[in-house]
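The compositional bias 'Polar residues' annotation in TrEMBL covers 814-830. The feature domain 'Ig-like' is assigned by TrEMBL to 33-136, 155-236, 246-330, 336-423, 427-515. Annotated domain 'Fibronectin type-III' per TrEMBL: 528-626, 631-728, 733-829, 830-924, in sequence order. What TrEMBL lists as region 'Disordered' is 814-836.
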Amino acid sequence: MSYHYRLDGGSLAISSPHTDQDIGTYQCLATNPLGTILSRKAKLQFAYIEDFETKTRSTVSVREGQGVVLLCGPPPHFGDLSYAWTFNDNPLYVQEDNRRFVSQETGNLYIAKVEPSDVGNYTCFITNKEAQKSVQGPPTPLVQRTDGVMGEYEPKIEVRFPETIQAAKGSSVKLECFALGNPVPDISWRRLDGSPLPGKVKNSKSQAILEIPNFQQEDEGFYECIAGNLRGRNLAKGQLIFYALPEWEQKIQNTYLSIYDSLLWECKARGKPNPWYTWLKNGERLSPEERIQIENGTLIITMLNLSDSGVYQCAAENKYQIIYANAELRVLASAPDFSKNPIKKNSVVQVGGDIAIECKPIAFPRAAISWKRRAESLKQSKRVSLLEDGSLKIYNVTRSDAGSYTCIATNQFGVARNTGSLVVKERTIITLPPSKMDVTVGESIVLPCQVSHDPSIEVVFVWSFNGDVIDLKKGVAHFERIGGESVGDLMIRNIQLNHSGKYLCTVKTTLESLSAAADIIVRGPPGPPDDVRVEHISSTTSQLSWRPGSDNNSPIQIFTVQARTPFSVGWQAVSTVPEILNGKTYNATVVGLSPWVEYEFRVVAGNSIGIGEPSKPSELLRTKASVPVVAPTNINGGGGSRSELVITWESIPEELQNGEEFGYIIMLRPVGSTTWIKERVPSVESSRFVYRNESIIPLSPFEVKVGVYNKEGEGSLSTVSIVYSGEDEPQLAPRGTSVQSFSASEMEVSWNAIAWNRNTGRVLGYEVLYWTDDSKESMIGKTRVSGNVTTKNITGLKANTVYFASVRAYNTAGTGPSSPPVNVTTKKSPPSQPPANIAWKLTNSKLCLNWEHVKTMENESEVLGYKILYRQNRQSKTHILETNNTSAELLVPFEEDYLIEIRTVSDGGDGSSSEEIRIPKMSSLSSRGFPVSEPRVHFLSVIMIFYCLLFSHLNNE
């Protein structure tokens, strides 16, 4: 070491290196007290490139059409170079194509066929990446000769790859091939053994470079470049030879052996060519001796001694590289020692079990082992065995085997002892194992698992279902562990079909594991049947087939077929042949279907447990059409105009029409006639038909039947019904019409009934018209009464207004002439002011009331009297007392609060009510009166109370 060489940790630093002095091969040696190791070799070289000579280059003269090579001539250098050319003063490099090529091997520029545009100065640029330097050569002039044009000639290969190329595994191989010629030659590549080029190959734009990336053994062989044009072709070939650097297949490992043992180390490496091996110890080459055998990658050393300890290296080398595998050999010599591997302090075993007590002291060479129990040496017997590794094995342990055991280890360097205890425990026994059970879905069961065990041993219960552990700590649905320390029962709540299977209770202790299993069968209603198919369908029947679903551990006893149509309310059970479908029946004929209706079918299975889930619906199919069989009902009619017969019926629902082009047939004839008249109504939704004929006598009876038909034919007819033809409007007006007013909003119209006959028109009732003569309001009302009623009370009228009224008769054909109008003036409006200043006095069960007389306005009716409305607080029934005075006396039991209001009575009706007065029950009052409408007692109210008391006294007298 000096200022020039310096160690930085394990790195070698070279200050101001000299290119001629410091180049060469270096290796590192690492040393510690256990030995020395040698590193792989490292080769140091210095990359550089000198400048071009500055002398002018000669002019190159060529004919048009001739090929030319412009030489680069790199200056002295070391390291990989890359080449480029520029043309004239253009800063861009010459672009390669099938006519121009720059070789990265020679650096030369090749022009296969010169054109006039190629004339000019060409400059070569070289870059050394490792030296981080680029140099530029002097320009080379290219001029065109004037003595003619070069004729066509066959290709001449100027750039060819070597005949033999060594290619490393995983490297990228590039082969160059370029030819001069006129016309410009085409370049192609092939393998001489006939196999195709590897799919991974890459070609340059001009095809002059063939690149094989990640070169492997299968890529080696002969490659050929073909240059061709119209005048001929030329070939260049070479061989790629694969080589691989050594790689380890098996390395040596650190080894610790006892003195006098033997060492066997083997190392293996692959490579091409095959590597050879050398062995080093502490950086020095190892040679065969009396105890040392070396054969290729195998090293054997017999009768090891302490001097053999050290660091060894196996070196694998071929002509391309050397690699090292390193390992330490440590030769050991020591007396037996239990400090790092003592005998187990307490070995625990159950009665009747087997136990091995290990004795493995550290000793070099290996120690001889013997055992003592207390002071007595142990020997081999039927129950006691000394194993090869020094362990003591005791079979069928009894309580008397408990106690301390001592292992004695001996070699030439000394003796060591170590003692441990054997603890004997009672065996664990499953006293109540789970048993086979047969249960119904939805029930809750308990699977027992109870044990007897040594009190000092902790017991853990683990349940599994069909091989999977049930994690009870996570609160798995349905499963729950119940019981105490020795009880591990499993409760299954609301058991389901998927809970059928094998349940295993495993009892674990630190010493053993034992288990008991039981099969649980869960029975439930059958699963849904599968593959419900409609085999055949007619107008009223359908043949079905299906496959049974799972019986869920209970045999299927019955099947039921259900159907659904667009007209049904959900799924309905249908009749089948056979009528009862037992559990072995998988097909049936459904009967009683409606023609021309879309049906879906499904099947439900049942067993002794219950009815299962239904199958998936069958395909939606329509029954075939047939003649309709259901006739219309509720045949009726009547009314209409003169010369008309109106017939009505209830229309047939779609599900009973049985086919397309559905309609109705009308059969009619006058009562007493023998000839039927037949009409067709093609509308599906019709429920009314009008027959017109001028010869029809008004209100004459007809016999009527209504039938049905569709595309398949005519169906049933209804029974005969009597329907009357249309009639004329009434011809007579009512007489004796009169009207009178009962209040401001009410009047009554009366008239005499009309004595009618067929000629004057039937009378079904009367229509009352009423109106005012106020043209602004044009107020018109209309109301009807039926039968022989001859009065009509009309309400909701305006007060003090003249109303006109007229009456006319009506029937199904319309209304007749009106009676002469009559008129009446409604009463004035009732008083708008309610009674005021109401005072009351309650004594025992007698209530005296007084109020002010209500004065009316000019447009209001005079007050004729008053109404007192009273009711108990909790009842809705209201009682009314009428009086012409402004006072009143009520005799009622005041056990509850009373609500009282007072209103006026007049010709125009009842007036406005006073505010509601609450009279409290007797128990909450002293004998005193309370004014209601104002906070203080008016003078007038006091007088009224006095008058009421006086009037009451006189009555008592």
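Even glycines carry a Cβ here, placed using N, Cα and C.
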* Structure fact -> Comparing 246-330, 528-626, 631-728, 733-829, 830-924 for Cβ pairs under 8 Å with the domain 'Ig-like' (427-515), the winner is 528-626
* **Average pLDDT across the domain 'Ig-like' (246-330), rounded to a whole number** => 92
* Asked: When the domain 'Fibronectin type-III' (830-924) is classified with DSSP, how many of its residues are helical, how many are strand and how many are coil?
  -> 3 helix, 48 strand, 44 coil
* Of the residues in the domain 'Fibronectin type-III' (631-728), how many are helix, strand and coil by DSSP? -> 3 helix, 49 strand, 46 coil
